[in-house]
């Protein structure tokens, strides 16, 4: 079971989220049949979305778009406050060999571009916020977004580790944020600890990576666990939703589908589930328009 644990330092100067997103990213890889670099890039963006959504309340939905200029194309993810996230990468077939340290290259294949966050509070007026991609490694781009757009100094680490067959081995991450009222010496102490932290990939390799992340973040300082919540890859598509999408088409288009294709087939971009609509379905839609 994937989870996100929310914590705060006893002093109230900092808060931290730590995540195990292994099953989330594994499900995404299986559904989209992504190759190595596409898997890691999509996985990191899914984790970034889980972090951002955990910061929201109510029925808020949050869309993250990594709009890069290189071979991966766009990466789109959508998360909600109930722990659900879905997403896809425009080019799932980017398969670049690992570096000498075993890391999968991502940044060069994301390229330059924008990190776009759309926050939908359900009021009909979603809020858009855009920052430039500074590295294409996703974690650094998320930290820059939080610091620049939300004016909250943040440290982010997230990664996806693959096994020898390029299947998802483990995935997770952390977010540390300075809270209002933090003293200069507290900030300096935490900055030093973050700078001295082992690489996120090293922490994820630990037997209990959640505890390893918390230990690396807080050291010997006291902290409180505020909550532990389940997170998952879950798409909200349905036959009814795509039926409504078809209903928005002109009658002439529906008639053409009926006569030439004898139906319609739609595949959800986010989860690759295919929905079929027969001639009777199309007839019903055409009749409703008349």
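Cβ coordinates come from backbone N, Cα and C, glycine included.
Feature list (source: Swiss-Prot):
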- 235-237: disulfide bond (DISULFID)
- 268-271: disulfide bond (DISULFID)
By a simple count, how many Cβ atoms lie within 10 Å of the Cβ of residue 271 (disulfide bond), its own Cβ left out?
18
Let me check the 10 A CB neighbour count of residue 235 (disulfide bond). How many other CB atoms are there?
19
How big is the gap, in Å, between the Cα of residue 271 (disulfide bond) and that of residue 237 (disulfide bond), rounded to a whole number?
8
Enter the number of other CB atoms within 10 angstroms of the CB of residue 237 (disulfide bond).
17
Who sits close to residue 268 (disulfide bond): which same-chain residues at least 6 apart have their Cβ under 8 Å from its Cβ?
235, 237, 242, 274, 275
